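Features reported for this protein in Swiss-Prot:
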ACT_SITE  Arg239  active site
BINDING   Asp150, Asp152, Glu187, Asp191  Ca(2+) binding site
DISULFID  Cys93-Cys176  disulfide bond
DISULFID  Cys350-Cys373  disulfide bond
SIGNAL    1-22  signal peptide
Amino acid sequence: MKYLLPSTAAGLLLLAAQPTMAANTGGYATTDGGNVAGAVNKTARSMQDIIDIIEEAKLDSKGKKVKGGAYPLIITYNGNEDALIKAAENNICGQWSKDARGVEIKEFTKGVTIIGTNGSSANFGIWLTKSSDVIIRNMRFGYMPGGAQDGDAIRIDNTPNVWIDHNEIFAKNFECQGTKDGDTTFESAIDIKKASTNVTVSYNYIHGIKKVGLSGFSSSDTGRDLTYHHNIYDDVNARLPLQRGGQVHAYNNLYTGITSSGLNVRQKGIALIERNWFENAKNPVTSRYDGSNFGTWELRNNNIMSPADFAKYNITWDKDTKAYVNAEDWKSTGTFASVPYSYSPVSPQCVKDKLANYAGVNKNLAVLTAANCN
């Protein structure tokens, strides 16, 4: 089932329309990005413009490099790469071997916000390395090239305090032959790894993605706190996320059309899975592929309350070749520590009925509250 997300009026998404308290992310992130005193506002029409703006912000007035950046940035992106996205859509199996395209934000800790205008689009990714205090909003990422070069849409490495909000990320949930595992399609939508923590992923529309996202790079990269809320995952294969250790709070998400596995809690991680809507999903909550060091979960007030609901919502399960744990009894296997931030989740039914009006791009950053559920 495809969720058709309605749009608000087209045109520029004005910075003046942004909430004044960007730090209220509804999750572990507490960043204002570049929305702080002393910020410089720039407009970018292309990927290269964004690269140039960020590199310029690393230098002082005398052209000397400043550690962590010279000033905070607010970058408004108004480019349109629909033609590249359409060409990639018409040549899915040719994208893997192409050069990856992306903006790398490296060693920039002064704060940066990248926000797309309504109607903008990108056939390139944004990759964060050893930075902090970054916000990415209202960006539409489609059919990233360069899967063989780790061409993620959003990659967060060694970067704490990040907010990924109101974006659309899409490709084709499809396998092309060509490698030993027959996986020559696209890389991840959002990978969060290498000691990155305090990240909030909210109000994104992610569809047609095979490998949605990592939480952790390896069995030793396990210490992080992440929140996923009010996201729509539609026609996706797996990794919602693939969680290696740490803590994940997933609330008010809509999971539909999961073709392999959903929240995969591994390496003794724990997930609080709260007031979500699951439908047409295979292995929506599981711990698999490791064979040991299983993670645990606390299931709280989702639309599924017991195995008696599986048939109603078309929830199915299968086995793994290694030892595994599925939530086939739909019982909690752990207790999540108290959540250190305030949040106001709506009912799963409201998520099902209303979230499409708020998640994704061109929504002027609107949020879903209980008042909108009636």
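Placed from the backbone N, Cα and C atoms, the Cβ positions cover glycine too.
Positions of Swiss-Prot features highlighted on the structure.
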residue	record	Cβ contacts under 8 Å, 6 or more apart
Asp150	Ca(2+) binding site	Ala100, Glu187
Asp152	Ca(2+) binding site	Gly102, Gly125, Trp127, Met144, Glu187, Ser188, Ala189, Ile190, Asp191
Arg239	active site	Ser188, Lys211, Val212, Gly213, Leu214, Ser261, Asn264
Cys350	disulfide bond	Leu368, Ala370, Asn372, Cys373
Position of peak Cβ density within 10 Å, selected from the disulfide-bonded residues Cys93, Cys176, Cys373: Cys176
Just counting, how many other CB atoms are there within 10 A of the CB of Asp191 (Ca(2+) binding site)? 26
When DSSP states are folded down to helix, strand and coil, where does Cys93 (disulfide bond) land? helix
Including all protein chains shown, what's the count of other C-beta atoms within 10 A of the C-beta of Glu187 (Ca(2+) binding site)? 25
What other residues of the same chain, not counting Asp150, Asp152, Glu187, Asp191, have a CB atom within 8 A of the CB centroid of the Ca(2+) site? Gly125, Gly151, Ala153, Arg155, Ser188
Cys350 (disulfide bond), DSSP three-state class -> helix
